[in-house]
Amino acid sequence: MIISASTDYRHAAKRRLPPFLFHYADGGAYAEHTLRRNVEDLAGIALRQRVLKDMSHLSLETELFGEPLAMPVALAPVGLAGMYARRGEVQAARAAASKGIPFTLSTVSVCPIAEVASAIERPLWFQLYVLRDRGFMKHVLERAKAAGVKTLVFTVDMPVPGARYRDAHSGMSGKHGGLRRMLQAVTHPSWAWDVGLHGRPHDLGNVSDYRGQPTELEDYIAWLGNNFDPSISWKDLEWIREFWDGPMIIKGILDPEDARDAVRFGADGIVVSNHGGRQLDGVPSTARALPAIADAVKGDLAILADSGVRNGLDVVRMIAMGADTILLGRAYIYALATAGEAGVAHLLELFEKEMRVAMTLTGARSIAELGSDSLVTGSAAASIERTLSPSL
């Protein structure tokens, strides 16, 4: 199969992966309306084409929290990434480091913090959930510090798990899930040999390290389900600050007032995100939410964004609407599942080339030159209202 776009990696991953893993990454909450609108709304943003601007000295380089980035992109935290390729978090982190961008390790990764941090030379980012077990939270924060992690991504949009119907249909959860997953693995021998057999252990490295015993997939579902904390509030941010003095990003902001609260409570950055449409179906797409949030807090903290980004053009659109850096989730997981580290590195090369084309044809020589003037109407908020279908 010829891979020329990130969508090609999705098709390749679907063939290689057992259904329970493919749909775990690919699916969303409820009827998946928000999942689809993330992509559709972003693709509907119109950019101004500018010509004869001498674009021979174009640069994608930027900086975030004093850390140089080769382009305004980072790999997002994705749970169980180590199930998509052998020691998948390590492979993805190496690919990101080789391309000069950050990798964010999930709390519920297969590979533990120390293993991933020791595999790369640039600082690792780490993502943390608020869980009932505060002892675990303190434990992983201490491990993150010891491993040289500089930036913490604090996920706040999971006080309860989303209703993901695909997981029940595919065997990730639900009745006879273990048997269904085993049968799927047998019928996908390439994955079974590379990851199922040689990618062991398949436990949650950070959780197992804390509990002192292996945490298999069934344990993961039960442990995480019992540890989500609906009592989460801004006071938890203060508690975490007692243990973390580095840059802290709040992930899961969709409303300008929440963004203002993040500023008031001392966050260094936010991620405008609906969790890739995996939590609450029916909330606005990130493309719809971003302009108003940027108007509210731009310049007060760093604005990151995710959800719906499928190519370098989408990155340019998000930056023009007010984001500083974009997180990639599903896009890199498909590439990781297809070709491991090499696949993720190639995906990032595709994104870089697509960004260069888009910036050349919009007349933006640097990331700083991308802004509301890059949009057709000259206003991010007006542009999105005019370019998207009224039915959405």
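In case you wondered, yes, glycine gets a Cβ from its N, Cα and C as well.
Quick look at what Swiss-Prot lists:
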- 1-380: domain 'FMN hydroxy acid dehydrogenase' (DOMAIN)
- Tyr24, Tyr129, Arg164, Arg278: substrate binding site (BINDING)
- Ser106, Gln127, Thr155, Lys251, 306-330: FMN binding site (BINDING)
- His275: active site, proton acceptor (ACT_SITE)
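Each of the binding-site residues Arg278, Arg310 was assessed for Cβ neighbours inside 10 Å, and the highest tally belongs to Arg278. Tyr129 (substrate binding site) is 9 Å away from Ser106 (FMN binding site) when you measure Cα to Cα. When Cβ atoms from all protein chains are considered, those within 10 Å of Asp306 (FMN binding site) total 26, not counting its own. Long-range neighbours of Ile326 (FMN binding site) (same chain, six or more residues apart, CB within less than 8 Å of its CB): Pro72, Val73, Ala74, Leu304, Ala305, Asp306, Val309, Asp314, Val315, Met318, Ile319. Here the residue listed as 'active site, proton acceptor' is positioned 13 angstrom away from Tyr129 (substrate binding site), judged by their C-alpha atoms. If you compare Cα positions, Tyr24 (substrate binding site) sits closest to Arg330 out of the recorded positions His275, Arg310, Gly322, Arg330.
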